[in-house]
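For A:Asp89, the entry in TrEMBL reads active site, proton acceptor. Under the heading active site, nucleophile, TrEMBL lists A:Asp264. Annotated substrate binding site per TrEMBL: A:Asp89, A:Ser90, A:Gly91, A:Gly92, A:Phe93, A:Asp143, A:Gln187, A:Gly214, in sequence order. As annotated by TrEMBL, Zn(2+) binding site applies to A:Cys302, A:Cys304, A:Cys307, A:His333. The feature domain 'tRNA-guanine(15) transglycosylase-like' is assigned by TrEMBL to A:12-362. Under the heading region 'RNA binding', TrEMBL lists A:245-251, A:269-273.
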Protein chains: 2
Amino acid sequence: MQFKILKKDGFARNAIIETKRGIINTPVFMPVGTNGTVKAMTPEEIREIGYEIILSNTYHLYLRPGHEIIKKLGGIHKFINWHGPILTDSGGFQIYSLASLRKITPQGVEFRSHIDGSLHFITPEKAIEIQLALGSDIMMVLDECVPYPAEKEYVKKSLKLTEDWAKRCKDYFEKHRNDQALFGIIQGGIYEELRQKAMEGIVKIDFDGYALGGLSVGEPKEDMYRVIKNIAHLMPEEKPRYLMGVGDLMDVLHAVEHGIDMFDCVIPTRNARNGTLFTSQGRISIKRSEFKEDNSPLDPDCDCYTCRNYTKAFLRHLYMCREILSMRLNTIHNLYFYCRFFEKMREAIAEGRFQDFKKQWIPVLEKNFSPE
Amino acid sequence: MQFKILKKDGFARNAIIETKRGIINTPVFMPVGTNGTVKAMTPEEIREIGYEIILSNTYHLYLRPGHEIIKKLGGIHKFINWHGPILTDSGGFQIYSLASLRKITPQGVEFRSHIDGSLHFITPEKAIEIQLALGSDIMMVLDECVPYPAEKEYVKKSLKLTEDWAKRCKDYFEKHRNDQALFGIIQGGIYEELRQKAMEGIVKIDFDGYALGGLSVGEPKEDMYRVIKNIAHLMPEEKPRYLMGVGDLMDVLHAVEHGIDMFDCVIPTRNARNGTLFTSQGRISIKRSEFKEDNSPLDPDCDCYTCRNYTKAFLRHLYMCREILSMRLNTIHNLYFYCRFFEKMREAIAEGRFQDFKKQWIPVLEKNFSPE
């Protein structure tokens with residue numbers, strides 16, 4: 001995996017990540033394909049919209065259908081019919097947020113499946129073994145994702161565990177090395193000096209890229225913004241920087257400004273299924289009754305399949321009927337919107353006008369569309 | 001609307017229906033788009049698979065979003081983005097099967113919406129008014145769909161009502177005539193002499209096509225087959241013959257053999273969503289555990305998008321995860337299977353070998369796929 005910075009604009013970077021499965025232009029948004037499918041979409045649709053990489057969740061694929069089966073069937077790319085790059089998380093975040101009865105020990109983490117209650121034990125080595133079996137292009141280390149709020153003392157203690165696990169992940173990876181990449185994760189909660197300390201420890205181990213984890217987990221925006229502002233630009237310059245689980249576009253603007261390159265989030269896809277749609281006029285809730293007879297497209301400035309072919313009245317109708325096509329058309333639109341946003345943001349950085357881009361978008365992102 | 005018979009093979013007919021929105025080759029299967037969308041599909045996908053006409057349900061569109069709104073928005077074709085022919089039923093069948101508190105009087109039928117309990121009154125005139133507002137290409141008269149079992153005396157009395165309503169539909173249509181077509185419906189339960197009588201009455205009114213209604217409503221197959229065998233070939237030769245709500249392919253073979261041209265049914269789409277898939281090897285339940293590691297396509301003889309790109313293992317995985325993509329891929333396959341079946345059946349009729357076609361397919365249709 002190669003990382004090349006093409007242009008800097010302040011701390012904001014426009015770069016490319018070269019993988020054997022294709023180039024990723026950054027800053028990049030990765031749609032989330034939890035079970036190996038970006039919900040409601042085919043891989044071709046994701047590609048046509050313009051996405052170069054997707055994320056898939058190790059926790060889910062490990063439980064169902066199982067990493068051994070995916071390996072046997074030829075790996076994750078063949079299995080899901082997506083032949084571009086794939087990033088897999090370590091499963092840690094889902095163990096902490098979805099599984100029950102989890103018990104963290106220095107050795108690893110024990111938990112019960114949220115699907116069938118079965119008991120599992122994941123170690124750092126196991127997390128890498130699973131991701132090697134899946135065959136993703138970018139793997140993540142197993143960490144402890146500290147919840148918010150957490151006492152400083154607890155966070156401090158947790159960092160030792162996370163650093164220890166990161167080393168074990170790296171060691172295991174070195175022994176079973178192939179051309180997959182492995183990223184380290186920097187924790188530390190909302191405490192800057194702990195983030196700094198965590199970063200030093202993780203960077204020393206030496207990974208192919210670095211992520212900020214444990215943000216957007218319930219802490220006030222100011223705290224998240226402060227941590228990003230003070231830490232992101234200090235992360236290794238010559239490696240990709242990934243802000244895990246963050247995808248609110250306002251947060252993205254802030255993070256890119258301070259040097260983040262990669263994002264993933266369920267916001268565009270989940271909101272789509274819930275009828276919340278992003279437009280150049282602001283956010284729209286498609287179920288609102290004023291769209292009942294609205295013969296105009298969702299977003300007159302949008303060229304997506306949905307906006308080219310359907311009216312707000314029809315999208316509202318499909319939503320009210322809970323039709324599958326509602327989820328499809330809404331997801332296409334939101335993913336298209338996100339993809340164009342990132343594309344234009346990359347152009348802005350390349351042309352040295354990121355600040356203008358940011359200023360232009362803030363009012364749009366703050367706005368809920370209202371026809372009154 | 002023009003109807004031209006190209007070839008007869010026994011009573012089986014290969015014909016074309018010419019409408020201003022395109023040609024329909026018969027025997028034809030019409031996928032059901034209840035709320036104006038064939039569940040899980042885009043109109044382009046339906047067209048690409050090869051369908052020339054879809055059915056939509058007047059009852060559902062009348063209740064939501066309302067026929068007046070669809071008219072205002074430019075009609076059903078523009079609203080749903082399907083520009084080929086559309087057949088709408090009268091709403092009668094759904095009133096009898098879905099709505100509550102229905103009360104039939106000579107004037108019309110009163111019922112409560114299954115969605116919000118609101119009270120409605122549909123007369124024969126209203127049923128046509130609604131379909132004129134929708135702007136479908138083929139409309140159906142309002143009838144009483146007699147349930148099974150029903151006493152002969154009841155069926156006899158009901159026929160008078162259905163004939164009276166058919167006349168009123170025709171009269172209303174004559175007054176508001178446009179280039180839409182209107183089909184009459186022949187009821188009569190499982191009683192052949194009543195079917196015969198019903199047919200005479202309905203044919204006298206003179207419609208653009210004729211349907212057999214009230215079959216496949218719970219009666220034994222022998223009864224349904226007997227009625228079809230004795231009635232279908234007596235229906236006007238020079239008009240399309242439509243067997244409403246029937247789509248089991250074994251039933252289709254029987255009905256085509258006796259001269260039926262048109263079919264609609266939710267079987268391929270609903271079964272797809274429930275994981276039951278049609279293949280050249282027989283029916284498959286995709287959830288079966290023996291497909292867990294099956295790296296082969298669903299049907300090696302199928303060229304559909306699903307079979308060209310995915311394995312049984314992945315289809316099973318998607319189904320177990322209840323993913324939307326599962327419903328999409330399964331629906332594509334089943335609709336493709338149905339479309340090819342009808343295509344090959346038309347070819348067989350055109351080449352005078354319908355009986356061979358039937359003989360060849362019966363064992364396939366009887367078979368549940370089992371790898372043992």
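Note that Cβ sites are derived from N, Cα and C of the backbone, with glycine treated the same way.
Any TrEMBL annotation is an automated prediction that lacks curation.
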By CA-CA distance, flag whichever of A:Gly91, A:Asp143, A:Gln187, A:Asp264 among the recorded positions is nearest to A:Cys307 (Zn(2+) binding site).
A:Asp264
Which residues, in sequence order, are found in the same chain with Cβ within 8 Å of the centroid defined by the Cβ atoms of A:Cys302, A:Cys304, A:Cys307, A:His333 at the Zn(2+) site, excluding those residues themselves?
A:Pro297, A:Leu298, A:Asp299, A:Asp303, A:Tyr305, A:Thr306, A:Arg308, A:Ile332, A:Tyr336, A:Phe337
Based on DSSP, name the secondary structure state of A:Phe93 (substrate binding site): helix, strand or coil.
helix
Do any residues, 6 or more residues outside the region 'RNA binding' (A:245-251), come within under 8 Å Cβ-to-Cβ of it, and if so which ones?
29, 93, 213, 215-217, 221, 224-225, 263-268, 278, 338, 341, 361-362, 365-366
Largest pairwise Cα distance, Å, within the listed substrate binders A:Asp89, A:Ser90, A:Gly91, A:Gly92, A:Phe93, A:Asp143, A:Gln187, A:Gly214?
15
Suppose the substrate site is A:Asp89, A:Ser90, A:Gly91, A:Gly92, A:Phe93, A:Asp143, A:Gln187, A:Gly214. Which further residues of the same chain have a Cβ inside 8 angstroms of that site's Cβ centroid?
A:Tyr96, A:Met140, A:Val141, A:Leu142, A:Glu144, A:Cys145, A:Ile185, A:Gly213, A:Met244
Chain-internal residues, separated by at least six, CB under 8 A from A:Gly214 (substrate binding site):
A:Cys145, A:Val146, A:Tyr148, A:Gln187, A:Gly188, A:Gly189
Rank the recorded positions A:Asp143, A:Asp264 by the number of other Cβ atoms within 10 Å of each Cβ and report the first-ranked residue.
A:Asp143
What's the number of neighbouring CB atoms sitting within 10 A of the CB on A:Gly91 (substrate binding site)?
27
